[in-house]
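A.B. asks: Found this in Swiss-Prot, in case it helps:
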| type | residues | note |
| --- | --- | --- |
| COMPBIAS | 1-15 | compositional bias 'Basic and acidic residues' |
| COMPBIAS | 27-45 | compositional bias 'Low complexity' |
| COMPBIAS | 46-97 | compositional bias 'Gly residues' |
| COMPBIAS | 103-119 | compositional bias 'Basic and acidic residues' |
| COMPBIAS | 157-170 | compositional bias 'Low complexity' |
| COMPBIAS | 214-225 | compositional bias 'Polar residues' |
| COMPBIAS | 226-254 | compositional bias 'Basic and acidic residues' |
| MOD_RES | Ala2 | N-acetylalanine |
| MOD_RES | Thr4 | phosphothreonine |
| MOD_RES | Ser8 | phosphoserine |
| MOD_RES | Tyr120 | phosphotyrosine |
| MOD_RES | Ser131 | phosphoserine |
| MOD_RES | Ser155 | phosphoserine |
| MOD_RES | Thr205 | phosphothreonine |
| MOD_RES | Tyr213 | phosphotyrosine |
| MOD_RES | Tyr267 | phosphotyrosine |
| REGION | 1-257 | region 'Disordered' |
Amino acid sequence: MAETEERSLDNFFAKRDKKKKKERSSRAANAASGAGGSSAAAGSRPGDGGSLGSGARSGDGGSLGSGSRSGDGGSSGSGARSGDGGSSRSGDGGSAGPAGKAITKDENEWKEFEQREVDYSGLRVQAMQISEKEDDDNEKREDPGDNWEEGGGGSGAEKSSGPWNKTAPVQAPPAPVTVTETPEPAMPSGVYRPPGARLTTTRKTPQGPPEIYSDTQFPSLQSTAKHVESRKDKEMEKSFEVVRHKNRDREEVSKNQALKLQLDNQYAVLENQKYSHTQYS
């Protein structure tokens, strides 16, 4: 892998060096052709020895320059220049043709991007002062889509009549409802009371000592326990009847029923029979 990478790098740099050499040769050829054109232009004046200079520089018309006469100047000079210029230009064009094609191929293969350096040191920056109205106007001009949506589509001339352009009447906002909050009663600090106990006011009654011998406060499971009347028992007797012994009521009811049966004269018929027997006897 290392050898292949080195070969690829060597090939890359070799191609780059070839490209630079070809660019230098093409620049030299262009400079030579430019110099030949300038010398030909200088020797085209009539009456001065232009043919001699042109023949010496081009190398093609040396014989023409030596055989020309100084007296006639205009015709010989023009003939020498035209011949020299034609040969030199055609020769330069022929030599520059294949080199130009090779350069274009290399440029297509390797394109080097040279960033252009721009000097901004001479710029003078000033503080921008733009009002808000101008900003809004510029935004409206730059964003026609927003105006299209807000205005219902385009300008007034572009609007078309139809059911889709009917604007709904603007409804007035409802009046704000004022909610009156009832102030909560002041709570005593340090004591928590549930909501149910906050509203009810309880009066504290004087509470005496507990009645130890009362069955209501201290009920006993013994059937032979003595019942001691207390103040609460007396108060309860005033309102309703207190049943102290479960069998007493039944005994009283049975006695009453027995008395009622005894009060009935069940032997009245027998007594009449006795009286009748006594009479017959």
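Cβ atoms here come from the backbone N, Cα and C positions, even for glycine.
A quick note: this is a predicted structure, and the numbers were derived from the prediction, not measured.
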A.B. asks: Have a look at the modified residues Thr4, Ser8, Tyr120, Thr205 and say which one has the shortest Cα distance to Tyr213 (phosphotyrosine).
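C.D. replies: Checked the modified residues Thr4, Ser8, Tyr120, Thr205; minimum Cα distance to Tyr213 (phosphotyrosine) goes to Thr205.
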A.B. asks: Please identify, from the modified residues Tyr120, Tyr213, the residue with the sparsest Cβ neighbourhood, meaning fewest other Cβ atoms within 10 angstroms.
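C.D. replies: Comparing Cβ neighbour counts within 10 Å for the modified residues Tyr120, Tyr213 gives Tyr120.
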A.B. asks: In angstrom units, rounded to an integer, how far apart are the Cα atoms of Ser8 (phosphoserine) and Tyr120 (phosphotyrosine)?
C.D. replies: 41
A.B. asks: Distance between Tyr120 (phosphotyrosine) and Thr4 (phosphothreonine) at the Cα atoms, whole Å?
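C.D. replies: For Tyr120 (phosphotyrosine) versus Thr4 (phosphothreonine), the Cα atoms are 46 Å apart.
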A.B. asks: How many Å separate the Cα atoms of Thr4 (phosphothreonine) and Thr205 (phosphothreonine)?
C.D. replies: 110
A.B. asks: Which secondary structure state does DSSP assign to Tyr120 (phosphotyrosine), in the simple three-class scheme?
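C.D. replies: DSSP assigns Tyr120 (phosphotyrosine) to coil.
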